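Visitor: Under the heading ATP binding site, Swiss-Prot lists 12-15, Lys71, 202-204, 268-275, 339-342. Feature annotation from Swiss-Prot assigns N-acetylalanine to Ala2; the stated evidence is similarity to another entry. According to Swiss-Prot, the N6-acetyllysine annotation covers Lys77, Lys108, Lys246, Lys348. For Arg469, the entry in Swiss-Prot reads omega-N-methylarginine. The N6,N6,N6-trimethyllysine feature in Swiss-Prot is assigned to Lys561. For Ser631, Ser633, the entry in Swiss-Prot reads phosphoserine. Among the features that Swiss-Prot reports, phosphothreonine is placed at Thr636, with the record citing similarity to another entry. Annotation comment: Swiss-Prot describes 2-386 as region 'Nucleotide-binding domain (NBD)', evidence class similarity to another entry. The feature region 'Substrate-binding domain (SBD)' is assigned by Swiss-Prot to 394-509. The region 'Disordered' annotation in Swiss-Prot covers 614-641.
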Amino acid sequence: MAKSVAIGIDLGTTYSCVGVFQHGKVEIIANDQGNRTTPSSVAFTDTERLIGDAAKNQVALNPQNTVFDAKRLIGRKFGDPVVQGDMKHWPFRVINDGDKPKVQVSYKGETKGFYPEEISSMVLTKMKEIAEGYLGHPVSNAVITVPAYFNDSQRQATKDAGVIAGLNVLRIINEPTAAAIAYGLDRTGKGERNVLIFDLGGGTFDVSILTIDDGIFEVKATAGDTHLGGEDFDNRLVNHFVEEFKRKHKKDYSQNKRAVRRLRTACERAKRTLSSSTQASLEIDSLFEGIDFYTSITRARFEELCSDLFRSTLEPVEKALRDAKLDKAQIHDLVLVGGSTRIPKVQKLLQDFFNGRDLNKSINPDEAVAYGAAVQAAILMGDKSENVQDLLLLDVAPLSLGLETAGGVMTALIKRNSTIPTKQTQIFTTYSDNQPGVLIQVYEGERAMTRDNNLLGRFELSGIPPAPRGVPQIEVTFDIDANGILNVTATDKSTGKANKITITNDKGRLSKEEIERMVQEAEKYKAEDEIQRERVGAKNALESYAFNMKSVVEDEGLKGKISEADKKKVLDKCQEVISWLDANTLAEKDEFEHKRKELEQVCNPIISGLYQGAGGPGPGGFGAPDLKGGSGSGPTIEEVD
């Protein structure tokens, strides 16, 4: 096996991408369809599980069992208003499991529930397989990216998804920081530059300001919205056309999942068209109750429908500039990342905000994040290529971290935009006389009161010797590692008694046992997928062999060289097999193979006799002419629009 390499995975809301750094450069790896990005979708059918393009391609036929947007659920509570709002747009069911959201689907005739981590792990497994196919050997080490504005629970849940997928997650890094590496890697030696990364993807939005100076990438500030992206623009278009259909045809199909799914696919296509044309047309045959829906939309109308969303991208830009204590004139480069930055209006708003400055479009907005992640993966594996060995990444914590003190006040130990890894210690004391213990409640957020912030976890430090209030000294240490994941320790200085928490037993987190179980299930699903692939392979082989034999004996050129009795024998047996195939499309692999042997026993003696008689070499495996006919023989294709 080759020396161990590590891959970089951009796990996106709508699309994911994987890269590897080898021989001094990054390769973005194409999937089996030849695409360099893969849809972050997983579909469950009566017979199999599909991931990526295969899942997205059948979504109109199977909307309620095709899961996407797991990134909008991961690390969130079921009661989160964001989750509740999103559920209105999703065709699949999300259920409440102890305030953790769970996706419910029908798979192989059974109702199954999956946590967002499991769905994301399936996408990660797919990306891992794409890389393994390209490299030709197993891969286990990976760097996975997350939005810079992801909080602790979202980061931890993403890391868990990697573990379930059988990956050793070397590091979780921020998407804009990864993109900055892609941008700055070949631009060394130009002196210090302040770079603003504007990353607007399918579901999340980040702004990061970095200083790049001779291989040192230092993040100065980060801001964003973990719930803004291309999907939200699609939603506006969908709502617009649902209303238009109501006006024109007096019918409402907003509850018909298949119709809405077909409309959404058309809207996504129209949105992309509007980045290069000023008008796009939608043509959907028999959208609802047999009515064809032919309509069009102009770029101006699209911009008007999304104007508030587009404008809202500038608030994080202002916030990041304030936090970095920079004036907009001090930014040297404005770098666009994420597919949604192709929208002309988004570019214009950013350009106008920076007084007409040119935007830098030199990196591929879809691939930059995976590119940077692949570089970081190589560095963590100790790659000594000259262009990466001196590279240093200094990232920041996106949100302030602290604990609750008397009266529900948030006391921050680590301020937002502190460079990580970092460690801060502070002394606290008791609030009442002879208090036997203290409850340490850890929060993240920017508000003054803890009730407005996000509770990450809590633990008790007990056994404090009786003493008047204010006497005991409790030393609390917050320690953030390079993944942006927090450890908190509390020590009673008088007794040396300590207690610690890695914020992993946050209520939304999966326990070690659950992760173990999911790892085993992931293996099981993978094995089932393999069996299904082999089954289909055996079925197709039998089918093409039967049609092949049929066409060989019916060949006009063989007239007179084969007796009618033999010809009838072969044709009857072929017909019998083809009829059996039609009736048994779900048979097992060995049944298909057994049928093939039966057929070969009839055909082989006749066919080989034929070729010996003709003096020609045997036909070997015959170049199967693909004569797929009849129902059940060969795939039945339906246009998905």
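Cβ coordinates are placed from backbone N, Cα and C, and glycine is handled just like the others.
Can you walk me through where each of these features ends up in the structure?
Guide: Counting every protein chain shown, the number of other Cβ atoms lying within 10 Å of the Cβ of Arg272 (ATP binding site) is 15. In the three-state DSSP scheme, Arg272 (ATP binding site) falls into the helix class.
Secondary structure from DSSP puts Lys77 (N6-acetyllysine) in coil.
Cβ neighbours within 10 Å of Lys108 (N6-acetyllysine), excluding its own Cβ and spanning all shown chains: 13.
Using a 10 Å Cβ-Cβ cutoff, Lys246 (N6-acetyllysine) registers 13 neighbours. Lys246 (N6-acetyllysine) falls within a helical segment according to DSSP.
Its Cβ placed at the centre, Lys348 (N6-acetyllysine) has 13 other Cβ atoms within 10 Å.
Under DSSP, Arg469 (omega-N-methylarginine) is assigned to coil, being neither helix nor strand in the three-state scheme.
Lys561 (N6,N6,N6-trimethyllysine) is surrounded by 13 other CB atoms, counting those within 10 A of its CB over all protein chains shown.
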Visitor: State the count of C-beta atoms found within 10 angstroms of the C-beta of Arg269 (ATP binding site), not counting that atom itself.
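Guide: Total other Cβ atoms inside 10 Å, all chains included: 13.
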Visitor: Rounded to a whole angstrom, what is the C-alpha distance between Arg269 (ATP binding site) and Lys108 (N6-acetyllysine)?
Guide: 31
Visitor: Nearest to Lys77 (N6-acetyllysine) by Cα distance: which of the binding-site residues Gly12, Tyr15, Gly203, Arg272, Ser275 is it?
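Guide: That would be Gly203, the closest of Gly12, Tyr15, Gly203, Arg272, Ser275 to Lys77 (N6-acetyllysine).
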Visitor: With Arg272 (ATP binding site) as the reference Cα, tell me which of the modified residues Lys108, Lys246, Lys348, Arg469, Lys561 is the closest one.
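Guide: Considering only the listed modified residues, the nearest one is Lys348.
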Visitor: Are there residues of the same chain, six or more positions away from Tyr15 (ATP binding site), whose CB falls under 8 angstroms from its CB, and which are they?
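Guide: Listed in sequence order: Thr37, Thr38, Pro39, Ser40, Gly202, Gly339, Asp366.
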Visitor: What does the structure give for the C-alpha distance between Lys561 (N6,N6,N6-trimethyllysine) and Gly203 (ATP binding site)? Integer Å is fine.
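Guide: If we compare the Cα positions of Lys561 (N6,N6,N6-trimethyllysine) and Gly203 (ATP binding site), the gap is 66 Å.
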